[in-house]
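I have placed the structure first, in the form of structure tokens, so that the comments after it can refer back to it.
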């Protein structure tokens, strides 16, 4: 006997009059995510190499934060591109997983937890990159001096997420009924019926309210990011320590500019997601555009790794030296050598 959702697909879905489009299908995300992961891998390995082995003594205090940040970003990108690849149905609060874990039958709830934890670790690692540097300034009155205080500080950043917990009680356990309710408002692509879809909420009022804690969390992250950046700017540029030499101060300024460029990467990646919500507020929905946004977010790994290599001068110089040395090794000089043979002179070519 067919379920209610299968019956709907067989009898009513044809009324949606949707034509197949590769860009709107699950294949567009699945295939592109694998390609993105393969392209990102060598850059991620190279970034690990320069952080571990080419960090100069002057940057030693920032080596661990850089390593934690890059490791967190690599894990998040691996989860998003390979393990728990997302196919989001917008404007429904629904999604399905089309990654490796879904293929081997890992429960949806466990995949949600994995991708959520990976995202939080990557987010906090960007703030830690600034906070650790700000805490190294002895004249910073807001510096964090021990791990216990750092744990409390991170809990404060994550506090708005606690407000999301009450909404978990409104998640529909009967997913078939939730899918039928969601279909009253929007005609999704065929993947809604052919993949394992998880409906978070169907009530429009609750959908509006759940945005409040999520927006508060984003504001908390951005606020603490700006606060730590402000501390660095204030104590390096405005009231620098008199006990620090001029050379050290210039190095601090250079590193500040470098991590500003490095940490700007996620903000550029988030722009497409913000655009989706902006268009949604005006009633425009497009699965093709939603898939494109997911692909843009998946490119975070490539951009983050390249930024680590390029924005920090010691890493950039080391890579440039290695490229030049490879060019020199492949260049061969040709020197003509003459050897007399009887009345004739035979010219030979010697490679060096």
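Yeah, the Cβs are placed from backbone N, Cα and C, and that goes for glycine too.
Tertiary neighbourhood of the transmembrane segment (35-53): same-chain residues 63, 66-67, 70, 74, 77-78, 81-82, 295, 298-299, 301-302, 304-306, 308-309, 312, 314-315, 318-319, selected by CB-CB distance under 8 Å and a gap of 6+ residues from either end. Under the heading transmembrane segment, TrEMBL lists 35-53 (among others).
The transmembrane segment annotation in TrEMBL covers 74-104 (among others).
Tertiary proximity for the transmembrane segment (110-130) is limited to same-chain residues at least six positions away from its ends with a CB under 8 Å from its CB atoms, namely 62, 65-66, 68-69, 71-73, 75-76, 79-80, 83-84, 86, 97, 99, 101-102, 154, 157-158, 198, 221, 224-225, 228-229, 232, 259, 262-263, 266. The transmembrane segment annotation in TrEMBL covers 110-130 (among others).
Residues or ranges marked as transmembrane segment in TrEMBL: 151-171 (among others).
What TrEMBL lists as transmembrane segment is 210-238 (among others). Residues 123, 126-127, 130-131, 133-134, 137, 139-140, 142, 156-164, 167, 201, 249, 252-253, 256, 260, 263 of the same chain lie 6+ residues outside the transmembrane segment (210-238) yet bring a C-beta within less than 8 angstroms of a C-beta in it.
The transmembrane segment feature in TrEMBL is assigned to 259-285 (among others).
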Same chain only, please: residues at least 6 beyond the ends of the transmembrane segment (151-171) with a C-beta under 8 Å from a C-beta of the stretch. Say none if there are none.
120, 124, 127, 131, 144, 200-201, 203, 206, 209-210, 212-214, 216-217, 219-221, 224
Cβ under 8 Å, sequence separation of at least 6 from the ends of the transmembrane segment (74-104): give me the contacting residues as numbers and ranges.
26, 29-30, 33-34, 36-37, 40, 44, 48, 110-111, 114-115, 118-119, 121-122, 179, 182, 185-186, 188-189, 191-192, 195-202, 207, 276, 280, 285, 287, 290-291, 294, 297-298, 300-301, 304-305
